[in-house]
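Feature annotation from TrEMBL assigns active site to 110, 303. Here TrEMBL flags 233-433, 292-457, 344-393 as disulfide bond. Positions annotated as domain 'Peptidase A1' by TrEMBL: 92-429. If you look up TrEMBL, you'll see 366 marked as N-linked glycosylation site. Sequence annotations record features per position, and here TrEMBL assigns region 'Disordered' to 38-63. Per TrEMBL, transmembrane segment is recorded for 467-492.
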């Protein structure tokens, strides 16, 4: 995760169709966090923190669904409204109090990873860090942990301490915390958070899945329902402005004031990331007509820690071609689509009218039906900075990916997203804050038939990390056996070897076999 800075430099002026607009292009400060954890092989670690302070009974059991608040109990969803700050370019963060006495830190909310980690030493790019020596309740586990993302990584030590969320559930809870001692391209200039809250499943936790995740600890200790919901309110606002936008992380249920209309649910296909099944994409109402497996290669996930909508390369190319074909701009620089350039218009103009709507079809809980979530250009043509008094510059909020379709902040800012882990499903509803100039910029429609779509668009083989480790160990064992045979052959006495005569033709051509895996 992280940003890719580049120096701004004015490059090109393009005329819009029929004289509707003019666009300048220059290299931007790009912001992108595709959270795709990697790292060390799992170790047999069992970490289950003890219970926190005594709590009042929640609204329901840990497997239930809370739809309303009890102001006098553990859950008060209204108190969690507007508990996030941030923007789609640098992520949305939550204030937490860690340790005894409490130390206040801002923590990035990330549904695409599973470790809870905070800066544990001073860093030039963070304003605060968690000083374990000042906390009387911190306990080090002495276990090293490293988490690698597609951009950025960190290393630290696992421990436990008490955590309180001022605008969350009541009480303090003992949680597994990794203190970050070293990092590379993780904390970046301008970010206002000091750690990361991974809310995905324990299959992604490092150094092994036996490390209980933050949310699993809350469900177990506070007895809250196994569900949380997320609203990010940055539609149409600068992705990396000087201010911050709002948002809400509701732990334990659904807050009715944060959505309008119906909630549409799609099943979670695998419990590691929040993996879902995409059936098709439309640009301007036109079906891309790709094999549905292309949309899920090799997974499709919902990830708040990724700033953009990321598409597999073949899908990305088709989307760009469709947008360019259906937009009112006849000619456009390729650098805008690849993220290396910004497009700038006069501040009096609204370029969004030049671009089409983008729709994503998800399989419904009833597998014979689907529903579609649609984002208007206000969500994927994103304002990023101004030049002087007259120009406003925008970036393309969609990028290509080599290994996943990622529904990131570009899309999530249009919806209230429910992560219903108890019933193994992800829900989408229109967010009231997804409006620009008083008009909604997101839509949900359905149901639609799936008769024209394959019954299963997801590969039957799930290449998540445990499988990869088994495969890698098997391959290493095979390589070891082959190496042993070669050594034995080299040690055979010369008298047992064939002695070539002058008439023999010898073609001894060495080969080097290299095995590389991710």
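We number each residue from 1, going along the chain as drawn.
For all residues, glycine too, the Cβ spot is worked out from N, Cα and C.
Structure with TrEMBL features highlighted.
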| residue | record | Cβ within 10 Å |
| --- | --- | --- |
| 110 | active site | 26 |
| 233 | disulfide bond | 21 |
| 292 | disulfide bond | 21 |
| 303 | active site | 25 |
| 344 | disulfide bond | 24 |
| 366 | N-linked glycosylation site | 10 |
| 393 | disulfide bond | 22 |
| 433 | disulfide bond | 19 |
| 457 | disulfide bond | 21 |
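Distance noted between the C-alpha atoms of residue 233 (disulfide bond) and residue 303 (active site) is 16 Å. Here residue 457 (disulfide bond) is compared against the recorded positions 344, 366, 393, and the shortest C-alpha distance is to 366. The closest partner of residue 433 (disulfide bond) among the recorded positions, by CA position, is 110; the full candidate set was 110, 292, 344. In this structure the C-alpha atoms belonging to residue 393 (disulfide bond) and the residue listed as 'N-linked glycosylation site' are separated by 43 Å. Closest by Cα distance to residue 303 (active site), from the recorded positions 110, 344, 366, is 110. Taking the Cα of residue 366 (N-linked glycosylation site) as the reference point, the closest of the recorded positions 110, 292, 344 is 292.
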